[in-house]
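Feature annotations, reproduced from TrEMBL:
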type    : residues                                      : note
BINDING : His63, His65, His209, Asp297                  : Zn(2+) binding site
BINDING : Glu92, Arg144, Arg154, His182, Glu212, Asp297 : substrate binding site
DOMAIN  : 55-400                                        : domain 'Amidohydrolase-related'
Amino acid sequence: MTKPLFFKDATYLAGDNLTLEGGSILVEDGKISALGAQLAPPAGAEVVNAEDYLITPGFVNTHSHAAMSLLRGYGGDQNLKTWLNDYIWPVEARLTDEDVYWGTLLSLMEMMAAGVTTLADMYDHMDAVAQAVAESGLRANLSRGMIGFTDDDRHSLKENDDLFDRWHDYDKGRIKVWYGPHATNTCSPDYLREVADHARERQTGIHIHVSETEEEFDSLQEAYQMTPVALAESCGLFDRPCLIAHGVWLTEADMDILADHHVGVAHNPASNMKLASGVCPVADLRRRGIPVGLGTDGASSNNRQSVLRDAQLAALLQKVTRLDPTLVSAQDALKMATIEGARALHWADDIGSIAVGKAADLVCFDATAPWWVPNHDPAATLIYAAHSDDVRRVYASGKLIYANRTWPQLDTEHILQEVRRRAEKILK
């Protein structure tokens, strides 16, 4: 047992509705055990003076390819198809387990510094990703990204099986493993059905790119006379817990299907803007009760791995593209970064809000900077004024994993040296 952790004189956003409250937060055995103004620290507790902080739940990054930090700044200013075919996939084919391990650690450093405590990551060499996550202290939903058209492609499905067997429920459930068919246009229907069968056998979920671009949407309509969402449904993907990344090109019928099957959506506004893929109909999805989380996507298509930044973009994009300033309020955007992301990953019983019984995944923002004053509406300040650099301390399950440009559990200089060396070698 670790000693209790007590946040004194705290201001925090409590519960699923992110209600502003003041008082103290008591953490015991990695979970929030008490909240309120009348609390006193128990004997032996570590006391954190929180009077200068606004404390939020840890952010949930619902879609990432963490090791792509190795390719930050490479292949920019392209559409998705050109970017993948001409730049990304040829380089990724040369990556090793060690490359992915070090690239993932770099991204986890960046995410922690921006207040992320949970991520959903899809990539190759996923044992290396899992090892990096295990060392970081973060929580993660991991899936092996799979392209599937031929029998030769079934090795990646076996790798996802093995990943599940080795890592699912690691460290009291800190790591979950789902299945990761890459996309509805990079896997055949038969392959998608096989993935759904494997997920069903192991009673786990599926993470897949769906309707990211208009080209994907049109090509599947031509090939199968179905939208990408309808194709995914027909292959049984939505019979399991499912998270679709992007969901940009959706029909009204598509959104009804997603709602009927309780499918979560990972909205990636910065990546969609940079690749000119389009704008996810977030307001329409949320109106149907569909949980919409936020994703940074990879560092080569964002290029900053800050869920706060994506929350800011998500709010502004809906307003300007629909010419309606009431869409996606600051409070809504913060929910997408926290509790809705947790719901999209089927993890909301444990994370996503500051509530008694939930994991103590907490972010302490410095609320003394000039752009925080006056602070009439903390949600509005976070979404329209704050910076990720305002993050001072981050806790995962009550353990300090980031404080003022330090990562106590990681050898950060070694990570930076390895990434610099490997990134240069990869592009030669």
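Each residue, glycine too, has its Cβ placed from N, Cα and C.
Cα spacing between His65 (Zn(2+) binding site) and Arg144 (substrate binding site): 11 Å, rounded to the nearest whole number.
Shown are the binding-site residues Glu92, Glu212, Asp297; of these, the residue with the fewest other Cβ atoms within 10 Å is Glu92. A distance of 19 Å separates the Cα atom of His209 (Zn(2+) binding site) from that of Arg154 (substrate binding site). Counting only the Cα atoms, the space from Glu212 (substrate binding site) to Asp297 (Zn(2+) binding site) is about 12 angstrom. For His63 (Zn(2+) binding site), the count of additional Cβ atoms within 10 Å of its Cβ stands at 29 [all protein chains shown]. Cβ neighbours within 10 Å of His209 (Zn(2+) binding site), excluding its own Cβ and spanning all shown chains: 27. Neighbour counts of Cβ atoms within 10 Å were taken for the binding-site residues Arg144, Arg154; the minimum is at Arg154. Contacts of His182 (substrate binding site) defined by a Cβ separation under 8 A and a same-chain sequence distance of 6+ are given as Met122, Gly145, Met146, Ile147, Gly148, Ile208, His209, in order along the sequence. Cα separation, Arg144 (substrate binding site) to Asp297 (Zn(2+) binding site), rounded: 15 Å. For Asp297 (Zn(2+) binding site) paired with Glu92 (substrate binding site), the C-alpha to C-alpha distance reads 16 Å.
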